[in-house]
Amino acid sequence: MKILVDENMPYARELFSRLGDVQAVPGRPVPAEALTDADALMVRSVTRVNEALLSGKAVKFVGTATAGTDHVDQAWLQQAGIGFSAAPGCNAIAVVEYVFSSLLMLAERDGFALRDRTVGIVGVGNVGGRLQKRLEALGIKTLLCDPPRAERGDEGDFRSLDALVQEADVLTFHTPLYKEGPYKTQHLADESLISRLKPGTILINACRGPVVDNAALLKRLEAGQPLSVVLDVWEPEPDLNVELLKRVDIGTAHIAGYTLEGKARGTTQVFEAYSAFIGHPQQVALDTLLPAPEFGRITLHGPLDQPTLKRLVHLVYDVRRDDAPLRKVAGVAGEFDKLRKNYQERREWSSLYVQCSDAQAATLLRQLGFNAVHHPVR
């Protein structure tokens with residue numbers, strides 16, 4: 001049994017070798033010759049999986065180690081009798097922590113308290129739901145927009161997108177990419193919406209590039225109308241608009257979900273799905289794969305305020321480390337993908353063990369995802 005895995009899927013060789021012969025290949029593009037006799041293909045979001053890629057091939061199963069699936073033609077796979085699995089929620093924590101790192105950087109730079117801001121979350125699924133909980137743990141007001149969930153009658157106070165535009169100080173997008181249909185999200189933030197954003201609004205897109213009309217966004221920024229913009233995803237990729245990058249506050253190479261934990265979850269989820277598909281189900285404990293974190297433990301004295309939280313967050317991950325490299329190579333062919341391929345290891349907040357002298361600080365840090373304990377000073 002021959003299994004092709006994206007060369008940038010951590011632990012893929014180690015896990016899938018339990019099931020067959022593993023060959024690691026580039027994801028953009030996947031070499032055609034490697035597909036000739038492959039039984040299974042494991043990809044990331046850079047690989048377009050469709051009839052053009054797999055027609056006439058022996059592949060019987062496709063797994064994507066990503067939460068999003070817009071790069072996979074699932075209808076064709078089903079028609080062709082090819083099994084499929086994704087990894088929903090695998091990188092949700094990573095994206096939430098990317099958003100927090102960005103907001104805390106902007107808050108420090110511009111001198112505002114996050115508790116004085118209202119955050120509008122568009123798309124309240126694996127990412128948006130976790131973001132809501134962490135923001136509200138800090139006492140930050142959130143407004144939620146998720147039309148599919150609202151129409152299903154799901155629990156939650158869902159508002160219209162127009163209401164968020166009018167009332168929110170931060171607008172952050174966490175939707176799938178749907179190019180058509182009743183819940184179309186392509187250019188959900190279109191020229192009309194972007195023109196109505198209040199001066200000083202913080203706009204964040206860490207889901208899919210075409211959810212925000214990049215041309216319309218550049219038009220507003222070129223007009224000198226004040227917005228703070230955080231973009232991890234672009235329209236198009238990998239050939240992003242360099243002029244837009246010059247004008248955003250934070251720009252990164254589609255890496256918001258790129259924690260080691262998030263990528264490992266993606267690999268283990270598709271491994272477990274494929275092992276079940278071939279009739280040999282196996283389970284993997286994530287902590288048996290992950291290495292020890294760079295920082296073993298730290299001690300926090302006193303209560304948790306915003307500057308202290310910012311230092312803790314940026315100790316684990318400072319978004320500026322990914323902004324600068326993209327600006328250096330923007331516009332150079334192939335460099336966007338190189339940044340993703342050679343991405344520096346990044347961990348989640350749970351990897352940081354924090355001993356807190358203050359019990360409330362320990363409780364709050366745990367709610368935010370840190371590995372925190374109350375350890376009174378004696």
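Backbone N, Cα and C define each Cβ position, glycine as well.
A coil conformation is recorded for Ser45 (substrate binding site) in the three-state DSSP classification, outside any helix or strand. Look at Swiss-Prot and you will find Ser45, Thr66, Tyr258 tagged as substrate binding site.
As annotated by Swiss-Prot, NAD(+) binding site applies to Asp146, Thr175, Asp232, Gly257. Cβ neighbour count for Gly257 (NAD(+) binding site) (all protein chains, 10 Å cutoff from its Cβ): 26.
Under the heading active site, Swiss-Prot lists Arg208 (among others), citing sequence analysis as support. Look at Arg208 (active site): DSSP puts it in coil. Annotation for Arg208 (active site): spatial neighbours Gly68, Asp70, Thr175, Pro176, Leu177, Thr185, Val233, criterion Cβ-Cβ under 8 Å with sequence separation of six or more.
Shown in sequence order, Gly209, His254, Phe336 are the residues of the chain, 6+ apart in sequence, with a C-beta less than 8 angstroms from the C-beta of Glu237 (active site). Under the DSSP three-state reduction, Glu237 (active site) is assigned to coil, being neither helix nor strand. Annotation source Swiss-Prot lists active site at Glu237 (among others), citing sequence analysis.
Around the Cβ of His254 (active site, proton donor), the number of neighbouring Cβ atoms within 10 Å comes to 23. Marked as active site, proton donor by Swiss-Prot: His254.
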Asp146, Asp232 as binding-site residues, winner by CB count within 10 A: Asp232
Non-site residues, in chain order, whose CB comes within 8 A of the mean position of the CB atoms of Ser45, Thr66, Tyr258 at substrate: Arg44, Val46, Ala65, Ala67, Gly68, Asn91, His254, Gly257, Lys263, Gly266
Length of the line joining the Cα atoms of Tyr258 (substrate binding site) and Asp146 (NAD(+) binding site), in Å: 25
Protein Cβ atoms within 10 Å of Thr66 (substrate binding site), excluding its own: 25
